[in-house]
Amino acid sequence: MEDPDSKVDAFDVDSTSSHHVASSSGHQTRPPSTSLERLNPLGTPNVNHENLLERKILRKYDLRIMPIASLLYLFAYLDRTNLGNARLQNLPEDILGGDPTGVLFDWVNSAFFFSYILVQVPATILMKLFNPRIWMGCVAIGWSICSVLMAASFNFAGIMVCRVGLGVFEAGFGPAVPLYFSFFYTKTEIGVRMACWFAFAAVAGAFGGIIAFAIQQADLGGALHNHNWKLLFIVEGIPAFILGIITIIYLPTRPETTDILQDGPERDLAIKRTARGTQAEAAGTVNKERAVINNWKSEHIVMALLDWKVYTAGVIYFGLNAALASTSAFLPTIIKTFGFSAANAQLLTVPPYACAAIVLISLSFVSDRLQSRGLFCAASSLISAIGYVILISVAQNEHVRYFAVFCITSGTYTHIGLILAWFAHNLGSESKKATVNCSLQFLAAFLAVVLSIYYRSENKRRDRLYGQVDLDAKVDTSKLADNAPAFRYLP
């Protein structure tokens, strides 16, 4: 077998720009041919052929990676957020004793994030050490089972266990995707693909609203009679199981080993692309059996933990994650307060999510073209801020308030999609990327849970001091804002 170290890099311009080198005897001697030169017998650098080959590689990646990753995220997000739709289908009345204060529902909703926080760091590390397709396929099967089991829950404890399990398995998927994409895509390509992937969170919101509306209209018999929310969990949980099996079979591993690439010029260029603009670390090396050797660089992990940019990004991501989580869980309820029925409120969540997906993909495409992320992140945050201001300040006009929902979803989803792509290629090495990706998720989710706990404790303190209040009553906040005695936070 040929020693890989003895091969001339097919794309090293310095080693291939001349056809001959002078030998000691004065004769011209040709250097060893490379895979690209064998494809181009004249030996001259063929930029046009390289571009065509690169487009072919990208097409193979996009046709195999993007559909699987996007559909996985679609159903992961459906399974994570369908609790908000189930709330309008009498879930609290069936298994939470009516939950008049909403506290039990808040705990069920938060249970996902508790386990998600605890597991995502070790899960991301394990994903780097194991075969990505096996890892992602197995966690998809795991969260599918947890989602379906939620339909069998008959009390608070049962659904809490299912939500905790859901968080455990989904923690092995979401934080790992930006790292996985960086195995295949360069910094000029990853932005729009991260956007397309994350846009499926918005698609999940739209798709989930349609499914919830259809299920709520169904007249079910047997064990599901008047328990339509059970069918919701089953219908949205089963597809992830099927996708998990497909992932195990078809998802590519790495450019060095995937069978969708042909050995020779195609694989050589694919490997070359992964280190474009950087010097690859040893974590991407391949042994004689072409199995990828994944080693963590401890110094890169320390660098990530000491990097101020990581914590700045974490604070930004926390704000976005809080907005995203609240929007996903409570958007049907918010729209219902505009005066719509529960069924129509679920259907009316579809247009804002669809708009968010379109805006996210469009701005990410422009961002990739201009190779600029920060300005687009700022602009998208401004859009969502305008939406919140309108939602708060306009109390009577439901059409204007519904427009505000479009601004909130479009701005929030766009910013998250852009910032994930922004940091995916600003970190230099796989070890640092993996550390930062899971750290961002951990910090954002941790702060969200801390804030939720603070809101609950503050509400209890005010109940002790001022007495309990009617949560549906109008509160005068004109002088004291959220410090008004009758004001209660939404945990």
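Heads up, the Cβ atoms here are built off N, Cα and C, so glycines get one too.
What TrEMBL says about this one:
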{"type": "REGION", "residues": "1-43", "note": "region 'Disordered'"}
{"type": "COMPBIAS", "residues": "15-27", "note": "compositional bias 'Low complexity'"}
{"type": "COMPBIAS", "residues": "28-43", "note": "compositional bias 'Polar residues'"}
{"type": "TRANSMEM", "residues": "61-78", "note": "transmembrane segment"}
{"type": "DOMAIN", "residues": "65-491", "note": "domain 'Major facilitator superfamily (MFS) profile'"}
{"type": "TRANSMEM", "residues": "107-127", "note": "transmembrane segment"}
{"type": "TRANSMEM", "residues": "134-158", "note": "transmembrane segment"}
{"type": "TRANSMEM", "residues": "164-183", "note": "transmembrane segment"}
{"type": "TRANSMEM", "residues": "195-215", "note": "transmembrane segment"}
{"type": "TRANSMEM", "residues": "231-251", "note": "transmembrane segment"}
{"type": "TRANSMEM", "residues": "310-335", "note": "transmembrane segment"}
{"type": "TRANSMEM", "residues": "347-367", "note": "transmembrane segment"}
{"type": "TRANSMEM", "residues": "374-396", "note": "transmembrane segment"}
{"type": "TRANSMEM", "residues": "402-424", "note": "transmembrane segment"}
{"type": "TRANSMEM", "residues": "436-455", "note": "transmembrane segment"}
Quiz item: What stretch, picked from 61-78, 310-335, 374-396, 402-424, has the most CB pairs under 8 A with the transmembrane segment (195-215)?
Solution: 61-78
Practice problem: Would you kindly check 164-183, 310-335, 347-367, 402-424 and say which stretch has the most C-beta pairs under 8 angstroms to the transmembrane segment (107-127)? | Solution: 164-183
Quiz item: Do any residues of this chain, six or more beyond the ends of the transmembrane segment (164-183), have a C-beta under 8 angstroms from a C-beta of it, and if so which?
Solution: 65, 69, 72-73, 76, 79-80, 111-116, 118-120, 123-124, 126-128, 132, 135-136, 139-140, 142-143, 145-147, 149-150, 190, 193-194, 197, 254-255, 274, 284, 420-421, 423-425, 430, 433-434, 437-438, 440-441
